[in-house]
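Copied over from Swiss-Prot:
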| type | residues | note |
| --- | --- | --- |
| ACT_SITE | 417 | active site, nucleophile |
| ACT_SITE | 470 | active site, proton donor |
């Protein structure tokens, strides 16, 4: 043994050089305790900038040895006559520290965990990987782990080691490409990142992909989180959820962005402080109950660096954003919703992720989470990267994210964003700018397999949860069972209905006669999928105008058109979704940096729209004909679909027991007196709702609450009603 080796605890020069450069691939081979072959052990610790280190007994603090610093600054070593549990007493320039040696502990991740991870079949990644507070050999600490198979070295860095990547290099578990390290005496709330020496020699600081808590943006570090300790009180809701989510049950969704629904304003009237989840629950739950929605849908709440993405460019798929509080606060919010009889759906983004340096992009110096080829892995529309769902570990990562929210947080469903971009390799790409699949086609076979697998696993692991597709193409069978060749979603957003009906309602009434089929065309395919009718955030931003501002005419006509449109929507087959602000007719487009214009509710027209939405929801829930057969063609019957000259539509909705509701819509500002409409039976039909009623700030044209039927056959029916149709109004009636 030469002098250099002897001075440095028996290490060879190449090990010393690797430690000095922070490039040692196997720190456990050189650091920590190593047997000397005679019952004793050599202990080495690499502690750059330490002034002095001694080894002391773990049980009673006896000094066992003073460690010597060799030729490599920061490398301390000592010999112990016998192997025993020990601690390091470290003297720094700013104070002293006593800790167990991270390199004295064995591997912490089990072989089965690593095997399931590599297969992509680990269902609880957030409960085993990332940063897990735990106890090893009676010592409290945190076990860190991260997948980076192509990295040359990975270290845990944070305030606890002055962000020095030389201090805590990790152990590589070769079979799975996972690096791990147990660091004693760390706890919940500690900030950290991974310093990854990539295959390309670049040394970025990466946030933990499996972090369950993060710093508040614009800071980007991960935070150690404990197990969710919330004591759930939503047992009744969870027991009844599958029944509430049946296709024959009402489903009416209030879509909202939690930061701009309500907030605390500063003196300039801008957002001064976001409400915490618990504060939000106190305000939101009574409001949603009063309006009669069955569910809320939150724009993505997974941590995202850029608030202007509205959450649709998330980087922490397991961490609720810290903007509104902790994971415990979020759990309390969901619990409060459930106890108030309100379901909670989350928008979830498995299609793509942003390119931020601290995120998933080229995580270990290679394209790890994304496709390597930009023609497959880069989304030019959003400047984002596309998940490589053909890779086991990535597929397992996304599956575990979905289950994390569904199981740990009792989420009632996920609305999967941008499904069309996942299904097609040529989505929004020109010829020559995409890579065909192995059969030469445009379908993304890996994403399709993932989606089907996701829906199957979710149905088993989270019974009763809804997985909903935002899918804008004519892909067949999106909401059909996978056993029948479908994708297996519970529902699909009906984007075609939304585009057609909004185009129609924006036309001046004098021109609507030429667009008559735009309001009725949706019924041709209404039962090809299980549909949700969405008036979402996307329709009230980017110069598209707010919902009421899309309406033509003067102020009175705009409100009448809006009320008629919403009533038409609620009476149309399909479940309902309405974005916040639309329920009271906000004039401004949605702005994520400002709360809704609640002051408008001092005006009767806005109060009227809000009251109408509440009454529509109550009617929708109370009348079986309006919800039981939303997804069954026998639940709908046209009476008048061809009166383009008068812009009138009329139809019957039927309950499963044969009870009808009549819907009549007049989309011109001209009242129609004595307009005859056939009905199947009933001596007297009562008005359940009139969108032109005075209590909605309408002109109050109607039928004085009820109409007697005449024995005059009409529209193929034996009886008929002579109705007064309100201008720009919709009537909903049923036999008295």
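The backbone N, Cα and C atoms fix where each Cβ goes, glycine too.
Keep in mind it's a predicted model, so treat the numbers as computed, not measured.
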Given residue 470 (active site, proton donor) and the residue listed as 'active site, nucleophile', what distance in Å do their CA atoms have, once rounded to a whole number? 5
Can you count the other CB atoms that lie within 10 A of the CB of residue 417 (active site, nucleophile)? 20
Within 10 angstroms of the C-beta of the residue listed as 'active site, proton donor', the count of other C-beta atoms across all shown chains comes to 21
